Amino acid sequence: MKRTLGTCYYPEHWPEAQWPEDARRMADLGLTWVRIGEFAWSLLEPAPGRYDWDWLDRAIDVLTGAGLSVVLGTPSATPPRWILDRFPDMLAHDAEGRPRKFGSRRHYDFAHAGYRDAAARMAGLMAERYGDRIAAWQTDNEYGCHDTTVSWSPVAQDAFRIWLKDKYGTITNLNDAWGNIFWSMTYDDFGQIGLPNLTVTEPNPSHALAFRRFASDMVVDWNAAQVAAIRAHSDAPISHNYMGRVTDFDHYAVARQMEIATWDSYPMGFLLDRVPGGDKAAYLRQGDPDFQAFHHDLYRACGAGRWWVMEQQPGPVNWAPWNPAPLPGMVRLWSWEAFAHGAEAVCWFRWRQFPQAQEQQHAGLLRPDSSEAAGFAEAAQVAAELRDAPDVAAVQAPVALIFDYASQWAWEVQPQGVGFDHFALCFDLYRALRSLGLSVDILPPDTASLGGYAFTLVPGLLSLTDPLRAAIEAADGLVLTGPRTDLKTSELSIPTPMGPNLPGLAATSVMEETFPPEAPRGLPAGGGIDLWLEHIETTAEVVERTTDGAPVLLRHGKRAHLAGWPDKMAARRIIGALARDAGLTTVDLPEGLRIRDTGTERFVFNYASHPLDYDGKTLDPAGILRLSLPS
Amino acid sequence: MKRTLGTCYYPEHWPEAQWPEDARRMADLGLTWVRIGEFAWSLLEPAPGRYDWDWLDRAIDVLTGAGLSVVLGTPSATPPRWILDRFPDMLAHDAEGRPRKFGSRRHYDFAHAGYRDAAARMAGLMAERYGDRIAAWQTDNEYGCHDTTVSWSPVAQDAFRIWLKDKYGTITNLNDAWGNIFWSMTYDDFGQIGLPNLTVTEPNPSHALAFRRFASDMVVDWNAAQVAAIRAHSDAPISHNYMGRVTDFDHYAVARQMEIATWDSYPMGFLLDRVPGGDKAAYLRQGDPDFQAFHHDLYRACGAGRWWVMEQQPGPVNWAPWNPAPLPGMVRLWSWEAFAHGAEAVCWFRWRQFPQAQEQQHAGLLRPDSSEAAGFAEAAQVAAELRDAPDVAAVQAPVALIFDYASQWAWEVQPQGVGFDHFALCFDLYRALRSLGLSVDILPPDTASLGGYAFTLVPGLLSLTDPLRAAIEAADGLVLTGPRTDLKTSELSIPTPMGPNLPGLAATSVMEETFPPEAPRGLPAGGGIDLWLEHIETTAEVVERTTDGAPVLLRHGKRAHLAGWPDKMAARRIIGALARDAGLTTVDLPEGLRIRDTGTERFVFNYASHPLDYDGKTLDPAGILRLSLPS
Amino acid sequence: MKRTLGTCYYPEHWPEAQWPEDARRMADLGLTWVRIGEFAWSLLEPAPGRYDWDWLDRAIDVLTGAGLSVVLGTPSATPPRWILDRFPDMLAHDAEGRPRKFGSRRHYDFAHAGYRDAAARMAGLMAERYGDRIAAWQTDNEYGCHDTTVSWSPVAQDAFRIWLKDKYGTITNLNDAWGNIFWSMTYDDFGQIGLPNLTVTEPNPSHALAFRRFASDMVVDWNAAQVAAIRAHSDAPISHNYMGRVTDFDHYAVARQMEIATWDSYPMGFLLDRVPGGDKAAYLRQGDPDFQAFHHDLYRACGAGRWWVMEQQPGPVNWAPWNPAPLPGMVRLWSWEAFAHGAEAVCWFRWRQFPQAQEQQHAGLLRPDSSEAAGFAEAAQVAAELRDAPDVAAVQAPVALIFDYASQWAWEVQPQGVGFDHFALCFDLYRALRSLGLSVDILPPDTASLGGYAFTLVPGLLSLTDPLRAAIEAADGLVLTGPRTDLKTSELSIPTPMGPNLPGLAATSVMEETFPPEAPRGLPAGGGIDLWLEHIETTAEVVERTTDGAPVLLRHGKRAHLAGWPDKMAARRIIGALARDAGLTTVDLPEGLRIRDTGTERFVFNYASHPLDYDGKTLDPAGILRLSLPS
Ligand SMILES: [Zn+2]
Ligand SMILES: [Zn+2]
Ligand SMILES: [Zn+2]
């Protein structure tokens, strides 16, 4: 695999006379890819049925003429204003039940069949015209961004009722599955079921979880419609650009439809309000040291190995609570970190800062006046460093971590304690693994084999799927389940017999406790348990207990179970001991230093704002160290 | 009076085959009572007019057959879904004006006459069928829970206008009573009056207070309809199960209709977001040391001596921000504390944890798989301790505290300083009394005699009622009024002459100040005044002044007045000195240790998580000490 | 100019028999002015077209008979309830799109033409009847108070579309001006444009800014209608009473229509939630030491020299989060401070505390029972001190500060970092100037001459207007621009060439950063830069840089530019050095001590709660020192 670079470009924003020079400068910079078109519907179809392809024809001519490969986006994230006149009920609704108005982007409801068809039709027309001239496709843009997956609209309610009928068949099945006998919530027919918002106290968690599954399925169906329309006319690979910590739809299911997974990496944009925990003050100009890596590993799983960074932050953005400039060197570091995690391509967003509208304060590689912005030189440096780089191949990591979207929804619906969040739990354990120098593969919940993994973690899983249960049963490596894994049915009820029902480890949780941050449960061996503790009855060995004597770590052969949410110190201690026991070598990395091993190289990245040493060498802030690995 | 135990049971949740064993185990545990039926409407009347009593007949057969006495709940808190089709406007509305949807419970508007009648009719049908087979009734469930008393619906607006017409007779009376001349708010007829929400700035406080009175009256009327329907067919005593710190309706007025007051005591469920002040971190697994006691004393007043705990927390619940497990011993301690305050019965909620729906994480005495949960053994211990206990009789406490629902509404409407709250003020003084080892009776604001009380406190009362004014005038004991007592008319205006108008103590408040928590007014004798200070002109003796010289404590003979809200240290000091002056013996109790005297015994309870000494004896955490009192 | 006193009085609140004594007591107190009528519409026109002028005739007779001059308010802030029946769509709507209901005041939408006309007609009728009997007019009351300028109603949407059509002419012009090509937000006609609320993510900032300009224009038009109606019948001067930190409409534009600007000064009412920064705990009973002064200077600019305090706080109010009593002496101090800043008159609000409705806890000069309240004696003292005071004349201050309403809206729309606020930035610099003992004139953004100013500050200006650019070009004094001045076009886009485009100082901002409060950028010379830093390329002298080397202060001759938001220490240091360089004498004032120079006197005010020294003399808390200045 050759590693390549690119950028996102909006020819429709600039005079046509400027296109050739832009294209030339992109090529000179060493870029391979240019992504275009994803917000241009109002120009391509300025009025219903009146198309204007000419300008896009010419733009593609200019770009490909300069040797660039085009990624073409379908423009459904920003339908023109006139489409709203045709489908006045197409607007997504917020949790208060209010329509989310036209005037920015992503205002459509995924459940609106009329708009879904119109968008797919537009994708088909573009594929028909450009299917053999462009190098890759992007469907829509950043599904779920701005909280748009879950819509509380009448349209969604209608579609939800149909979805429920499909799933449960009879209303009795649904009533039984949800336990509606409780509080006389029994329905007589599907038409009586509302959306689970604005109820007096919390709705039935099974009802709420079903609605979250429905909302995710609407995204899956929506994307499928565009993929089908494109495939009818084009063999180019299809991708979608996912976001950071958007968990409202099942990315695995959407990604399965396409060849490439991509994501939009804004390390500083995400830092302050999307990263769970961590020392934010230390990384204001760098981004969190583990957050990008987590998503690189997650989307590598989504793309089954083929993945890109479709949008890479090149300078200050406009949309975080505060927007500082990256520390010098970080634009380069972020790019190399993506490659170290196996990215095929990294594309900077955007080529030139647009002086109007919502993102006018979002930096590009160029300033609005076309001068080089601060990030340009670092992009050029990466391009130079890549020029003679050899091809690389993907490798499996020694550690696997199961991440599951449905579990995210389940614990949002029923946290039982403020702060219980599947992503945050997985991320805490991922951080611990990374602080020990371990490279990680993230895997979906229906993973059928754990072959090749010395150590697998299965935290906070709503319930073990059949394939995963079989995979654990068959695994040669060490498998750590918990906390809060397999305590519920997939309907979010307590199973009989009570869980967890773990292959090779006898354990029953007889009571679950949650507690506030200021009241952790101490561990005699160091650190403590935060937020969650399940009380386990077991015949297995109890390796570690809380100061109060509650079992925290169980072990039987190669199977282990964690009964509480370990704090940073406990996570590092427990995970480290298990990893070494699984035959892995751990490294005691200082804060800010992170490692990623490819098949041939060890990359060391310094996210700190001060120099740090690794293996006798000093890395400056934003410094990168590359060490050969024995092959 | 014999002290008894019970539990809450939902036969409709379990296979009929399991009922006999459940009943047997309840009886074996030593339970007397089993409460059933209050959420079962959808099974009793699965379709309009189609009744299915058979299953309930059989359930009552099984339970009574095992020697249990049945408390039967009317099921109006959870009307079946089809009732909403009949009364689409029956939904309560939130303060934003949005309907509160079906899908949990308590979604009805108390002002909806159609549903009120339907609910009363159902109560009557149940009374007709079961009136002579059961031992007691419960109307509905937890009035006011989930903020459902005050509804901002069109139905409520219509009913409010009628209520206003009844109260004021003419629109001129209303305009005068409210001072609507101010800001040209004068109404021409009752049909122009809206609900006092969503106004540009705050509504007229008299308008807002009238609406709160109306909302409370709707609960009173609602309950009266069911009581009447039951009484037509049954002689069994009627009760309702109130909640902790629900103050949106006048519990005294509702309780007056029935024989028994009960409440649902969730010490840990209430701790974090309902208890004013206190050291929450110290009591995460015990609940606040004074909060249960306050409600025991309050509901003893409501029941005129006859009161129960209808729902007693037996383990972790699901609905607090965090839900830890009780410290071992607390399930027993809470039960005995209720008995020490005069409870006739304590019933645990619930018999068995239900594995589905909203409360699946709410512990019962049994786990979902029918094994004994952690609380079971403590329940058994209480049962054993009660087995040979003698009958007990009620006694009057030496101290009285007036608590008034209308004053709660008044200061919510017009706090004048963030945090001024009647409940919190009364509770602060109650805490001070309890920290001095004093047992307290809580009394309603229309109390007509203070006979037998050595010391009475009247804090934060909107205005003295005529009976209470006469009672103070006639009292032999010491009476402490204030702060913020009798400064307003019952319409929430400033009276002429200006208040307070106190029997036996000349005082006029000429200016009132509020101040933020970080700026208390110091007291030279120790402690300080928080939040509220009324500037008093008086001819009485000024016992104590702020550092700035403002009178804080006035005294004339057996009448005293407090002009500000004392902090913890000042409250304990001032209240302690007055109590001793009233001839009472005070004890300097450490944090966490609390006393309750019955007629024959002194109970000492240790709420702390460490051992504490009392009178030369050591109480373990959750420990109880019983000392005989000279009779 | 003679300095005078007055009060606000509501004859309609009191028995007619009490009027003469009230009038006599006002006159005895030394008052000149009495403001009446502004909330009395429901009495003046109790039913549509039925007028009752008699009571007001008699009230004016009594007041003028006692020698008082009447300021008569038009009553449009509190339309009677029946007007809502005529114009059901007249209600302002909040940002959630909900009507703001009748029941308090200011519930009308400024864009409602029907109510605007009705209100102007009422003003005309009053002018016709009283135009020659009264001494001055007040239009309406406190425009914009309670967040009423920006209304999100259908009526506002209709008017906004017309306003846009007027401004842009064609939809293409609008699309181009706003950059609607971005995200396909292009409109086909004006009727498609919505209000910029409830969009999925933020709306186009140009759209949002246009709506804020529209909302301000509606206030301007509204006031103009009343002014025209009054002018047709009366020669008395017209005023409006503005509020503290209400910035939603362009006060300069409204004020230009009238002779006198007045404002309502509530130093303690404003302290806790309207004053940016400062040590609030130190001034709980005094108000902020610079906040009143800022508004005195601002409204002096609005009135082109003629200004009053129409409502002066005389004791505790009812509407702040907490409402303490003023420190003894502050009622006097506030009044004298207004005169020191050039006020013609100071009127206390209100004469007598009204015992009912919303403001019953708002102190007056008299208590509800007509006794003298605490503020009365201080008012009497000011009257005595004024009795023999000479006439005074206005003087120009040596320092000017440009304050601009449109810039306020611009940075609210596009802060780029939480906390960026034009008012707060201007106020921080104003504080620095005041801490150096400098007197300041505040000027509008279209100021055409800076003649006579030794030092002018132009912070945070959206874009330099043509007159101001010319004035800077021509200025003899030192002019300091920035931070964030002239970086945008008036449409809130980035200009080409990029800004700032400063007369006499070559500078381009190539990147802007924002950062959170806990991460300031240090300055080697002391203090630091908070929140905002623009990266400047310049050929000018860089006087000061951040520790990282970024230019912070540029200088070329008499032009200087500040590239970041200085913290308190840096602001005082930098502004002080520039002021001295401009030939001004600075004084190092302690916290709480403030100076104001009139033409003949230096006033020194002690806002602290402890004594402070100035020039060898000690000022008690709330103390005033007056020193003669050489003329
Ligand atoms: Zn993006
Ligand atoms: Zn309950
Ligand atoms: Zn006012």
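Any Cβ shown, glycine's included, is placed from N, Cα and C.
Taken from TrEMBL, the feature domain 'Glycoside hydrolase family 42 N-terminal' applies to B:8-387.
Residues near B:ASN141 (substrate binding site) in space but far in sequence (CB under 8 A, at least 6 apart, same chain), listed by position: B:GLU38, B:PHE39, B:GLY73, B:ALA77, B:THR78, B:ARG105, B:ARG106, B:ASN241. For B:ARG105, B:ASN141, B:TRP319, the entry in TrEMBL reads substrate binding site.
Listed in sequence order, B:ALA77, B:ARG106, B:ASN241, B:TYR242, B:MET243, B:VAL246, B:ASP264 are the same-chain residues six or more apart from B:GLU142 (active site, proton donor) with CB atoms under 8 A from its CB. Secondary structure at B:GLU142 (active site, proton donor), as computed by DSSP, is coil. The annotation active site, proton donor is assigned in TrEMBL to B:GLU142.
Here B:GLU311 (active site, nucleophile) comes close to B:CYS8, B:ASN241, B:TRP263, B:ASP264, B:SER265, B:TYR266, B:CYS347, B:TRP348, B:PHE349, B:ARG350: these same-chain residues lie at least six apart in sequence, with C-beta atoms under 8 angstroms from its C-beta. Per TrEMBL, active site, nucleophile is recorded for B:GLU311.
Positions annotated as domain 'Beta-galactosidase trimerisation' by TrEMBL: B:397-584. Confidence in the domain 'Beta-galactosidase trimerisation' (B:397-584), given as mean pLDDT, stands at 98.
For ligand 2, the neighbouring recorded positions among B:ARG105, B:GLU311, B:TRP319 are B:GLU311, by Cβ distance under 6 Å. Each of the recorded positions B:ARG105, B:ASN141, B:GLU142, B:GLU311 was checked for a CB under 8 angstroms from a CB of chain A; the ones meeting this are B:ARG105. Counted within 10 Å of its Cβ, the other Cβ atoms near B:TRP319 (substrate binding site) come to 15, all protein chains included. Spanning the residues B:ARG105, B:ASN141, B:TRP319 that the record associates with binding substrate, the maximal Cα-Cα distance equals 17 Å. All protein chains included, B:ARG105 (substrate binding site) registers 23 other Cβ atoms within 10 Å of its own Cβ.
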